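What TrEMBL records for this protein:
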type    : residues                      : note
DOMAIN  : 5-361                         : domain 'Isopropylmalate dehydrogenase-like'
BINDING : 77-90, 290-302                : NAD(+) binding site
BINDING : ARG97, ARG107, ARG135, ASP226 : substrate binding site
SITE    : TYR142                        : site 'Important for catalysis'
SITE    : LYS193                        : site 'Important for catalysis'
BINDING : ASP226, ASP250, ASP254        : Mg(2+) binding site
Amino acid sequence: MTTRSLFLLPGDGIGTETMAEVRKIIAWMNEAQGAGFVTDEGLVGGSAYDAHGVAISEGDMKKALAADAVLFGAVGGPKWDNVPYDVRPEAGLLRLRKDLALFANLRPAICYPALADASSLKPELVQGLDILIVRELTGGVYFGEPKQITDLGNGQKRAVDTQVYDTFEIERIAAVAFELARTRRNAVCSMEKRNVMKSGVLWNEVVTATHKDRYADVQLSHMLADAGGMQLVRQPKQFDVIVTDNLFGDMLSDIAAMLTGSLGMLPSASLGAPDPVTGKRKAMYEPVHGSAPDIAGEGIANPIAMIASFAMCLRYSFNMVAEADRLEQAIANVLEKGIRTGDIMAPGCRKVGTTEMGDTILAEFKALSA
Ligand code: NAD
Ligand code: IPM
Ligand code: MN
């Protein structure tokens, strides 16, 4: 029997609550479908800090590196606001991305038909929305050196973060965007700020050259990232694939998330390069949202982003395309039936908590799989 190894890192806050719903789906797929998932679990973020004094232990890093795929919940929270910078909860997430070399972060923003009313934009602007943000994830200002605060000795301090991109980093993320565009509506919009940043100049140059050399069949446009943010809320359906750097991708994907109704809806896949021998990619699947300290522990978080992240895992790590389609369909059907967590609640709908939303999606998934 095929075995598929999954390493679960629920993390903090609502990360643990939403991961519980994915665990049920995994258990059912093993039982009823012989899916062969072998799971192990670890600690990341504040929960790892409380247990080990670090944001992720070496043992858990090893397990993450060895697994076929990692499922990540969320990290962070006010409890750890004052821990040393190097061991703050977010450092665990950044280390996973860097050490697993997950340079390509795919953040689809799809507006389910039933949720057009939950968006902060007019329904006609988001109805049918299906865009994919391809965010560079292991470079840029997140990781560039120097990154420090120095005391200038005159009562002043100086903080430095460094935005760095090499040609190969831009080329490989552009290639991912072009490849994915070919499976969709064949259009890529690249966003940077070449008007003020040297890294933007190189970004634009390399994306243009990669397009000309290898992907001339794909439609390519360029936008300054600030204008891109404006266009995302003005006319979001003009976009198919957006490719952008680590920081702009972080911000633009939160904007895109709200177009779909709630941050609680947006999944993501973080992928490495295929192994030259086995063709396998390292991968981690994580919702775009954080640990939501304002609602953590209340049992009301929306588990859809986490469940949809697992659907992406089925699709990208295990090539279980039919199962991924069915799980996404199950989510759509449940929304269609008017079942809602608080963040996407609308008049006439039935409000449920995290567990009931998870159970209802699982029941629908079972029905579709029968
Ligand atoms: P957040 O995403 O945690 O929350 C923003 C808002 O969206 C909150 O009002 C929250 O209640 C709501 N929300 C988010 N996910 C939801 C869900 N599934 N269901 C219902 N409502 C949801 O962002 P924040 O408040 O800026 O950050 C809180 C902590 O999370 C910080 O420590 C931050 O660093 C961390 N964070 C972690 C990740 C991650 O682990 N991938 C991502 C973003 C932020
Ligand atoms: C995200 C988060 C992370 C990021 C934080 C928690 C490090 O906001 O995944 O979008 O900035 O990348
Ligand atoms: Mn973010």
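Counting begins at 1 with the first residue displayed.
For all residues, glycine too, the Cβ spot is worked out from N, Cα and C.
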Set of same-chain residues at least 6 away whose C-beta sits under 8 angstroms from GLY77 (NAD(+) binding site): ASP12, GLY13, GLY46, PRO89, SER291, PRO293, ALA296
CB contacts for ASP81 (NAD(+) binding site) [other CB atoms within 10 A, all chains]: 11
Of GLY77, TYR142, LYS193, ASP226, recorded positions neighbouring ligand 3, Cβ under 6 A: none
Most Cβ neighbours inside 10 Å, all chains, among the recorded positions ARG107, ARG135, LYS193: ARG135
ARG135 (substrate binding site): secondary structure state under DSSP, collapsed to three categories: strand
Other same-chain residues whose Cβ falls within 8 Å of the Cβ centroid of ASP226, ASP250, ASP254, the recorded Mg(2+) site, in sequence order: ALA225, GLY229, LEU247, PHE248, GLY249, MET251, LEU252, SER253, ILE255
Residue from ARG107, ARG135, TYR142, ASP226, ASP254 whose C-alpha is spatially nearest that of ASP81 (NAD(+) binding site), among the recorded positions: TYR142
Spatial neighbours, same chain, of ASP226 (substrate binding site) - Cβ under 8 Å, 6+ residues apart: LYS193
Pairwise C-alpha maximum, in angstrom, for the residues (ARG97, ARG107, ARG135, ASP226) that bind substrate according to the record: 26
Distance-selected recorded positions near ligand 1 (C-beta under 6 Å), from ASP81, ARG107, TYR142, LYS193, ASP250, ALA292: ALA292
Mean per-residue pLDDT computed across the domain 'Isopropylmalate dehydrogenase-like' (5-361): 97
Candidates near ligand 2 among the recorded positions ARG135, TYR142, LYS193, ASP250, judged by a Cβ under 6 angstroms: ASP250
Structural state of ARG107 (substrate binding site), classified by DSSP into three states: strand
Under 8 Å by Cβ from ILE300 (NAD(+) binding site), same chain, sequence gap 6 or more: THR341, GLY342, GLY353, THR354
Cβ neighbour count within 10 Å of ARG97 (substrate binding site): 22
